[in-house]
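Right, one structure below, let's go through it.
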Amino acid sequence: NMVLMTAATSALTPNMILYLMNEYHMDMTTGSIIMFIWSAVTHISPVVGAFMADSLVGRFQMIGLGSVVTLLGMFLFWLTTLIPQARPPPCVISDNICRSAGMFQLFYLCFALAIVAIGAGVIKSLSLAFGSDQLKREVRQENVRALERFFSWYYALYALSIVVALTCLVYIQVNMGWALGFGAPVLLVLFATLLIYLGTPFYVKLKPKSSLITGLFQVIAASYRNRCLRLSSQSADILYHQKKGSTIVLPSEKLRFLNKACIVRDPQLDLNPDGEATDPWRLCTVDQVEELKALLKVVPIWLTGVVVAINISQPSFPVLQANTMDRHIGSSFEVPAASFGIFGFISTVLWIVLYDCLILPVASKLTGKPVHFSPKERMGFGLFLSLLSVLAVAVVEGVRRNIAIKEGHSDDPNGVIPMSAVWLLPQNCLLGFAEAMNAIGQNEFYISEFPRSMSSIASTLLALGMGLGSLLASFIMSTIDNLTKRGGAESWVSSNVNKGHYDYYYLVLAGFNLVNMLCYIVCSKAYGPCKGEEEEMVEEEKS
């Protein structure tokens, strides 16, 4: 279900900027902002899906519902290619007449894309959490790397599905037209929806519990209402409200002000006969407090991943850039401009395979003991590679733009220059390696650091960061566009890539990445060791 859904929805993105510019007559900035917002909704909607899955209907039911919603949205979007009234009439080049899309046409387009974004977003996060549910606690105890391997191969299949989207489905769009190109993904989503329901008898389905998100807000409210209570340095002097069956007896010393939320002042007034709190907005359990602490502790590190998301959320320019370069392999075959993103995902899969099957086994054999790079180490190296990828884009674009101007293509943004598109491989490969290191590291970091009851929220944090990154990317692009076109000057992010200065634009992004990497180093050290690392450090000292 995940592979088919990812392939189908990812097939919409690569050529979307060309579809909006050619069929809806949008400029590059407007089309990009629509895509940024669309991406943001796709990545933010999992938060709502996780809330409903954990507290109301369960993860499997939400995945099934998300599949049906995605199918509806894909079908509605496909209709824009079949119904002429759903988009503006073609431009009349001889009379220089090019009507923009009407209000209803834009509304229908955005509505269809929003439906796809909501459905796909729900599936994207819950599939990972639902998959981890299938790894029972006994499996994790027998194989400590089971969870890491699951995340790695899950992400490898995710990347492979995008490779299919960027090759087969993009090829259909370019060579067979929009109707077939956007119709094929509809069939994939239909098959995915049928498959997820056919597998119903085989899944481990955890029952939904009380709302975790509501519990987090209850801790905030209770700690504020109990702000006048004094915390004693002697834990024995304080009675804390414990959850039945919980192994957590006392709250941790970090973020101590939140501990006030679980202090029992008067057992007769604060607790019911069954031991539950009479007012859950004034008294919470120790487990609730620790869940909120776990979430707050990772926020600074999570924010550093948002900048990587800004780099990934640049779908428009790479297609326009590749469109102006020599993309021929031999004399007859030409690689579609939108397919060059495939090299990033091939790099992602390649790194995962090499890391899991070659790097770790060889390193373990050389050292004579199991070698394991922590999630924080992989996340940090991913940030560094992300910085290198943005710098590579800026350098290559500077060279490409100069060649285009020398060849007389200043006023022809579609003119092909004598520069091989092979120069685009380094930036795509670096970004693929960066995403493999950072994204997998983030997922493992959140799920391993959070209580298992928070696994859905843990798996949505990466998607939420991607959504925030898309919104920030939209803000950065619109701000740079407004600032650089003042006084009648050509915008850095002009629809004419030969007149714009995308090399400067990416240098600005490189500056953000450099500052972000330094912030990560500080946040990582402040966070301290992850779960399990303290025990490993003690064992190493003993040995």
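Even glycines carry a Cβ here, placed using N, Cα and C.
Here TrEMBL flags 33-53 (among others) as transmembrane segment. Within the chain carrying the transmembrane segment (33-53), a Cβ under 8 angstroms from the stretch's Cβ atoms is held by residues 9, 13, 16-17, 20, 26, 59, 61-62, 66, 110, 113-114, 116-118, 120-122, 124-126, 129, 208, 211-213, 309, 313, 315-316, 456-457, 459-460, 463-468, 470-471, 473-474, 477-478, all 6 or more beyond its ends.
Residues or ranges marked as transmembrane segment in TrEMBL: 65-86 (among others). When Cβ-Cβ distances below 8 Å are used as the criterion, the transmembrane segment (65-86) is approached by residues 1, 5, 8-9, 12, 23, 49, 57, 105, 108-109, 111-123, 126, 177-179, 181-183, 185-186, 189-190, 192-193, 196 of the same chain, each at least six residues removed from its ends.
The feature transmembrane segment is assigned by TrEMBL to 106-130 (among others). Within the chain, the transmembrane segment (106-130) has long-range Cβ neighbours (under 8 A, six or more residues past its boundaries) at 1-2, 5-6, 9, 12, 24, 34, 38-39, 41-46, 48-50, 53, 59-60, 62-63, 65-74, 76-77, 79-80, 86-87, 151, 154, 203, 443, 455-456, 458-460, 463.
As annotated by TrEMBL, transmembrane segment applies to 151-172 (among others).
Marked as transmembrane segment by TrEMBL: 178-199 (among others). Long-range contacts of the transmembrane segment (178-199) within its own chain (CB-CB distance under 8 A, at least 6 residues past either end) are made by residues 1, 4-5, 7-9, 11-12, 15, 19, 23, 63-64, 67-68, 70-71, 74-75, 77-78, 81-82, 169-170, 172.
Positions annotated as transmembrane segment by TrEMBL: 337-358 (among others). Note on the transmembrane segment (337-358): residues 14-15, 18, 149, 152-153, 155-156, 159-160, 162-163, 166-167, 170-171, 173-174, 318-320, 322-323, 327, 421, 424-425, 428-433, 435-437, 440 of its chain, located 6 or more positions outside it, place their CB under 8 angstroms from a CB of the stretch.
Residues annotated as transmembrane segment in TrEMBL: 379-396 (among others).
Annotated transmembrane segment per TrEMBL: 457-477 (among others), in sequence order.
Annotated transmembrane segment per TrEMBL: 504-523 (among others), in sequence order. Using a Cβ-Cβ cut-off under 8 Å and counting only residues 6 or more beyond its ends in the same chain, the transmembrane segment (504-523) has close neighbours at 300-301, 303-304, 307, 310-311, 317, 379-380, 383-384, 386-387, 390-391, 393-394, 397, 476-477, 480, 492-493.
Tertiary proximity for the transmembrane segment (379-396) is limited to same-chain residues at least six positions away from its ends with a CB under 8 Å from its CB atoms, namely 301, 304-305, 307-308, 311, 423-424, 426-428, 430-431, 433-439, 441-442, 445, 502-504, 506-507, 509-510, 513-514, 516-517, 520-521, 524.
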